[in-house]
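Here's the structure we're looking at; comments come further down.
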Amino acid sequence: MTMPTEGTPPPLSGTPIPVPAYFRHAEPGFSLKRPGGLSRSLPPRPPAKGCIPVSRLFPPRTPGWHQPQPRRVSFLCETSEPLQSPGYDPSRPESFFQQNFQRLSRLGHGSYGEVFKVRSKEDGRLYAVKRYMSPFRGPKDRTRKLAEVGGHEKVGQHPHCVRLERAWEEGGILYLQTELCGPSLQQHCEAWGASLPEAQVWGYLRDILLALDHLHSQGLVHLDVKPANIFLGPRGRCKLGDFGLLVELGSAGAGEAQEGDPRYMAPELLQGSYGTAADVFSLGLTILEVACNMELPHGGEGWQQLRQGYLPPEFTAGLSSELRSVLAMMLEPDPQLRATAEALLALPMLRQPRPWNVLWYMAAEALSRGWALWQALVTLLCWLWHGLVHPASWLQPPGPPATPPGSPPCSPLLDSTLSSSWDNDSIGPSLSPETVLSRITRRTSTPRGRYIPRDALDLTDVDSEPPRGPCPTFEPRNLLSLFEDSLDPA
């Protein structure tokens, strides 16, 4: 296949459903990542129903998997046994998760579930527990969600794969307890805010290739390799997780495989061809994204160009020639010619871990811990200084708020001490306060029927008070009398 030259994008072809030409202006090219929060965070889903549907015609039947008691989930044994723990009391209303774990923080959440950082009350160790948001909607939905547990058990133990401790279902909700890892690669890149150093990229690439080689050697395909499913461990070691879309090649369920994120999808998946080469292509796009701080397109012409082996030179110009050649091997459009994980690990630049990678990780971790210690020390010194300067302010209880002293009522119209810098001739003759008050009284639209002294303002503090004239009286009359007066000839 002819490769497009630099600056000449390839035509829109190569997939069973080509993108129409009028979509070319939808995404005019490739762009950098948008600064800010999580760009891929989804809006919260509406609250799901907490109970199974109930029919009015047939008696309600509660399925066996919708029991309130927790039951262990495992595909290694034939029967599902009840979950037992020394700190769990079935008579209490709290769930097994609430009784056996201390929730510390929430690590992340998505459209289907949320992950918590917890401390086990059994052994005191830290774990991560993933809890699905909604209960099982039926047998098919339960089978689809339990597939993640089966994927973890098929993968087994590997230093670059997230380890599953146990899984259970309670009240129709699935829980997965895994080892605690650091933030995901997506969160790490968004916190970094720029392209990752190439030393880190090489280390991440080698770790995930080791995980994929372990999966592919057992005939397993991940089908959802992306930065959100790659987690950082101690000393910068990466681990691959989220095996919900895992497919075993040659099995009966391989034809019902589901695709992952379309931004990292291999082109052969659109034709229904599932293989280990799809994971290598997704990993290549992941490395291209984190190494170039590039926003991968969801579709359009840019999506087609990446599936035809086109690497945008404006992004890859800052990469080394070795990394560009590895990306070209991983993003080969033909899955038969695409390099495998085993072949990539045999390359000289990926055969052994680079020594400066470990030094970089150790220096970054030491700097992070030193900065946290410095912040804690500054906070302690500020607290001690405040206690020495104001020793009694933090010992005595706070008193009631003081009320400001009341000020005597003032009347701007009667205050003869007010002066103005304006020219008196320019604004007319000067008037005394008594004259102004009498004019205001005469211009009142609704006269009062009787003057009551308590309705007047308290002007006892004023030196001189103007004499009050007689107030006009008003005699109320009904409409009939007014109508008769109008008919009476003058």
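Cβ coordinates are placed from backbone N, Cα and C, and glycine is handled just like the others.
What you see is a predicted model, and the numbers here were worked out from it, not measured in a lab.
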State the residue range annotated as region 'Disordered' by Swiss-Prot; the candidates are 33-67, 138-172.
-> 33-67
Where Swiss-Prot shows Leu107, Gly108, His109, Gly110, Ser111, Tyr112, Gly113, Glu114, Val115 binding ATP, which of Lys121, Lys130 is named for the same site?
-> Lys130
Pick from 1-20, 301-320: which range has region 'Disordered' per Swiss-Prot?
-> 1-20
Round to the nearest Å and give the CA-to-CA distance linking Ser85 (phosphoserine) with Ser134 (phosphoserine).
-> 25
For Asp242 (Mg(2+) 1 binding site), the one of Ser31, Ser111, Ser134 that lies nearest, given that the modified residues are compared by Cα | Ser111
Number of Cβ atoms other than its own within 10 Å, given for Asn229 (Mg(2+) 1 binding site) | 25
Candidates Ser85, Ser111, Ser134 (modified residues); min other-Cβ count within 10 Å returns Ser111
Per DSSP, three-state class assigned to Asn229 (Mg(2+) 1 binding site) = helix
Integer Å value for the Cα distance linking Ser134 (phosphoserine) with Ser31 (phosphoserine) is 36
